[in-house]
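Undergrad: Taken from Swiss-Prot, the feature active site covers 45, 117. Here Swiss-Prot flags 41, 114, 117 as Mg(2+) binding site. Here Swiss-Prot flags 6-128 as domain 'RNase III'. Marked as domain 'DRBM' by Swiss-Prot: 155-225.
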């Protein structure tokens, strides 16, 4: 695999593997090799659940078990992990078999989400529980700041998606139309196309995720759901 791509990924993760073979295994789908990432994924899934549960317990001392469970489910579900994978540009690093490559596996949410969990397992084996806990909390910083008990825990993208799914309408599409500024200080502009709205709605933010959330917020307002 291209070392430039691997080094770029490690910078985005905020962690450099001592055992590079663990990183390569974490990026390997079962379609590509018998030494794939599913065992690492199993481990990472449990670690992620523990770290997020522990952090929610610390942040919300008066919230009951049911609300904490719902918040944890929101934070560790597949589409959240896939969104995080796209922030890392993980798709370009995946090791996939010919069939998955041909069918666009590098874009598939389930593969992206599973790979994030495998990376968590890999970092843990390469270091220790304290290192991976710190890293997970860094990755989740903005999401943990935004989440709250009850329905308000759902971010605009999630609320918009659930609204459309409940009416059997197509999911919204998000398109980056402009990126301005230097790498350390960028502004993203997103167009969001939503069934029921004649024109795309526009969102801007300092990251693609924030711009998409801003666009979804505008869509909810136009649909009079906010």
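Every residue gets a Cβ built from N, Cα and C, even glycine.
Owing to the predicted nature of the structure, the values given are computational and were not obtained by experimental measurement.
Relative to the rest of the structure, where do these features sit?
TA: Reduced to three states, the DSSP call for residue 45 (active site) is helix. A C-beta separation below 8 Å, combined with a sequence spacing of at least six in one chain, links residue 45 (active site) to 76, 117, 120, 121.
Residue density at residue 117 (active site): 25 other Cβ atoms are found within 10 A of its Cβ, drawing on all protein chains shown.
Annotation for residue 41 (Mg(2+) binding site): same-chain Cβ neighbours under 8 Å, separated by at least 6 residues, are 114, 115, 117, 118, 121.
In the predicted model, the domain 'RNase III' (6-128) has a mean pLDDT of 94.
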Undergrad: Same chain, not part of 41, 114, 117: whose C-beta falls within 8 angstroms of the C-beta centre of the Mg(2+) site? Give them in sequence order.
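TA: Filtered neighbour residues, in order: 37, 38, 40, 42, 44, 45, 113, 115, 116, 118, 121.
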Undergrad: Validating a neighbour-count step here. Other CB atoms within 10 A of the CB of residue 114 (Mg(2+) binding site): how many?
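TA: A count of 25.
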